[in-house]
Amino acid sequence: MDKKNQSTITEFLLLGFGNLHNFKVLVFTLFLIVHIMALTANILVIVVVGVTQSLHSPMYFFLSQLSLSEILFTGNIVPNMLWLILVGGGRVSVVRCLAQFYFLGVPTIAECLLLATMSFDRHVAICRPLHYVSIMTITHQLQMVASCWLLGFILTLIIYISLNRLTFCGLNTINHFYCDISPLLRLSCSSTFSVELVTAMVAFPVILSPFVLIIVTYISIIRTILRIPSSIGRHKAFSTCSSHLIVVCVYYGTLSSIYIFPPKDNSINLNKGLSVLYTLVTPLFNPLIYSLRNQDIRGPIFKYIQSLRLWQAL
């Protein structure tokens, strides 16, 4: 039947993880625990950075913004994912589905840009230490962070507007647990060329350009570190970058596996698994890396947790 003769649909059916049978409660509980841990860890980072005077530096300010992007990202995806696990799938309106995609794209773009901003901060700190204070002023920090979020809102809005012009009819089933651009394009019964063109012009530069900047800055950082005569000095310099480098590798590894080099259509379960890693595990992984590998932030976090325990004991 010609798609043009089919009625326009107003809602999609999200299949989620299908019928998990006896494993439903187990999977729900496991995902809920990881989600709560991720939210707690990221909120704790923001609070500790905000109240600890010794952490009022550009690196930790950018880290708190990174945690904020993770909170917004998981808060948009995970609660609905948990609901789909319990009910075995569910319906969502086209308007709500497109809105979920928008609030998925904003923190994703912002996080890519924030990671590049953090690499620039480390580059200035190691390669130009004498000029660090004059370059990384509070005004400059706020401008960079505001630019990351503003670009996230504007660039995602451009894609959202093009998606909003599509017509959906016929099949309305999305074999996933959130609304992403690929299944939406497959379900459209109108031409998707303009949307694909806009997405390519917006998304690929936003994903790849920060990654290229990170690579370039770290090449410069490594060269500078290798010229440090003291082995202790080299270790100290590299330790300030190692956490960020690990986060970049994990984030871009999962991001590229989903969007740049996605599994084939017959590997939908693999795609869902990678998406779970991207939406559930990575937001927990990032604050843990920074808190466990960095004494400056690990110490205040432990003191803050201890003070909470003492307050509860009273």
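For all residues, glycine too, the Cβ spot is worked out from N, Cα and C.
All TrEMBL annotations are machine predictions without curation.
If you check TrEMBL, you get these features:
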{"type": "DOMAIN", "residues": "41-290", "note": "domain 'G-protein coupled receptors family 1 profile'"}
{"type": "TRANSMEM", "residues": "25-51", "note": "transmembrane segment"}
{"type": "TRANSMEM", "residues": "71-89", "note": "transmembrane segment"}
{"type": "TRANSMEM", "residues": "142-163", "note": "transmembrane segment"}
{"type": "TRANSMEM", "residues": "197-221", "note": "transmembrane segment"}
{"type": "TRANSMEM", "residues": "242-261", "note": "transmembrane segment"}
{"type": "TRANSMEM", "residues": "273-292", "note": "transmembrane segment"}
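Within its own chain, the transmembrane segment (25-51) has Cβ neighbours under 8 Å at 17, 60-61, 63-64, 67-68, 70-71, 74-75, 78, 81-82, 85-86, 276, 280-281, 283-284, 286-288, 290-291, 297, 300-301, 304-305, counting only residues six or more beyond its boundaries. Counting only same-chain residues 6+ beyond the ends of the transmembrane segment (71-89), those with a CB under 8 A from a CB of the stretch are 13-20, 24, 27-28, 31-32, 35, 38-39, 42-43, 100, 103-104, 106-108, 111, 177-178, 279-280, 283.
Using a Cβ-Cβ cut-off under 8 Å and counting only residues 6 or more beyond its ends in the same chain, the transmembrane segment (142-163) has close neighbours at 61-62, 65, 98, 101-102, 105-110, 113-114, 117, 120, 181, 184, 194-195, 198-199, 202-203, 206. Per-residue pLDDT, averaged over the domain 'G-protein coupled receptors family 1 profile' (41-290), rounds to 88.
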